[in-house]
Amino acid sequence: MIFLIVLFSIASAVWIGPLLTYGRTILLATMVLLVGTVVGPAFLSIPAPIPITVDRVLWLAMFGLVLVRLRQGELVLSRLTRIDIAVIAWMGWLLISALMGGPGAKENSPIARWLFYVAMPIGTYAVVRVSEITAKDMKWVERLLLGLGIYLSVTAILEVSGFHALVFPRYIVNGKIWEFFGRARGPLLNPSGNAVVMTISLVIAILGFIQSNHRVKFAYAGLVTLILAGIYCTLTRSSWMGGIAAVAVIVWVYSPRWLRVLGLASMFLLGAAGAAGLKDQFMQMKRDKNLSAADAEKSVQLRPLLAIVAWEMFKERPILGHGFGHYLENSEPYHTVRSYGLPLDQARPYTQHNIFLSILVDAGLVGLLLFLGILTITTAVSWQMVNDKGKSQMARHAGFIWLGGFAGYFCNGMFQDVTMIPMSNMFMFFIAALAVTVYGRSLNASPLASPPVTISGTGLPIAVLR
């Protein structure tokens, strides 16, 4: 183990040095996302008190770069905003909550969960907040995230179609890792987490389609189709909903009012008809190779039971919660409640399948309200930005990336605790910081792009003239 650590450190120093000297913090933060997704802990993890992985080394290097830039006077610490204060308070409260609940189980340490799923994402948020972001930086961020989405989408199609020999990393198609096997789970080994990242890339591809000339438009149309196919291959209903919601956000902003009303009415009618006519097929849809249709239906039926358990736990400790990361050890007595006449004990082995109920039970109203405050303010800022014609094209893109990414995060989070999915919070706090930073500062950008040419009488965009 020591030999591996030494070898890994020597190899890392070769590329960390130049990054610290010449790299831009926003691009390095983006690389942390890419590396953490493709070659994260599931790819390589060297045993240590805190396991050493490629993305964690790069994350530390990113902080080293920030310290260098601050010392050189190239970065300036901005005044804290309401969102920044809420983020810091949420991180601090979850740490206190985890400590108040006791040490927890060794294999599911609350402190480890806080470190990797809360502190590291918020550390990335802090790095982006102090970064100088130019229009050129934003373009590179979009290119890198779009490239990641293309890789994930191609991998998703290969997973589902059975061309496993072409999948990298190989552990993705290792049947011994049975959970979600048969769906597009990607390098994160989770179809919902995979879909959250692809949804962010989908937003970037759609914006490229809208704002490109005719020659490039066909290429972007192909990328949009590819990423939509990748999201479909997750075979996860919440992921499909997230992709549709992200597309709807962009259509809503760029479409005339009559089309918005028509679209909403059509979505409502089609959704109601589909829910009525295809309910049984959706409930019993076979997705995992190791999961029968009956098991798939059972997983849906568990959610009301988990919600009842969450309600009973909330009534016991509504303000402070039962302790962040301590759900399984504290939920045991609540599965024996018989007043509802339901088999609550069937939900005993499972964690909460809703991000908001999970935070409410673990961290109480304090944790949930802080979290909702972060999401609400960031969404309001982003919505204002995308509707402000005076903002630069890249600034509006930052708003769209948050709104679309949050749509995917929210839809998946309604059916499972996405905070426990590797990299999900890293991406969300990254794009939140991106939107807030761009909103609060004037970009060192080129002149605004020309407004989109529209189809006569419809208001629909054709292209943006550069």
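Cβ atoms are placed via backbone N, Cα and C, with glycine included.
TrEMBL: automatically predicted annotations, no manual curation.
According to TrEMBL, the protein has these features:
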type: DOMAIN; residues: 224-372; note: domain 'O-antigen ligase-related'
type: TRANSMEM; residues: 26-46; note: transmembrane segment
type: TRANSMEM; residues: 53-71; note: transmembrane segment
type: TRANSMEM; residues: 83-102; note: transmembrane segment
type: TRANSMEM; residues: 114-130; note: transmembrane segment
type: TRANSMEM; residues: 150-173; note: transmembrane segment
type: TRANSMEM; residues: 194-212; note: transmembrane segment
type: TRANSMEM; residues: 218-235; note: transmembrane segment
type: TRANSMEM; residues: 261-278; note: transmembrane segment
type: TRANSMEM; residues: 355-377; note: transmembrane segment
type: TRANSMEM; residues: 397-415; note: transmembrane segment
type: TRANSMEM; residues: 427-443; note: transmembrane segment
Review point. Do the transmembrane segment (83-102) and the transmembrane segment (114-130) come together with 3 or more C-beta pairs under 8 Å, pairs six or more apart in sequence?
Key: yes
**Study point:** Winner by Cβ pairs under 8 Å against the transmembrane segment (218-235), considering only 114-130, 150-173, 194-212, 355-377, 427-443
**Key:** 194-212
Study note, to complete from the structure: Tertiary contacts of the transmembrane segment (355-377), defined by C-beta under 8 angstroms and 6+ residue spacing from its ends, are 82-83, 86-87, 89-90, 93-94, 97, 306-307, 310, 313-314, 317-327, 331, 406, 413-414, 416-420, 432
Practice item. Tally Cβ pairs under 8 Å between the transmembrane segment (150-173) and each listed stretch (114-130, 194-212, 427-443), then give the stretch with the top tally. Key: 194-212
Review point. Under an 8 Å Cβ to Cβ limit, what residues of the same chain, 6 or more beyond the ends of the transmembrane segment (194-212), are close to it?
Key: 37, 142, 145-146, 148-150, 152-153, 156, 184-186, 188, 219-221, 223-224, 227-228, 230-231, 234, 236, 238-239, 242-243, 246-247, 249-250, 254, 393, 397, 400-401, 403-405, 407-409, 412, 418, 421, 423-424, 427-428, 431, 449, 452, 461, 463-464
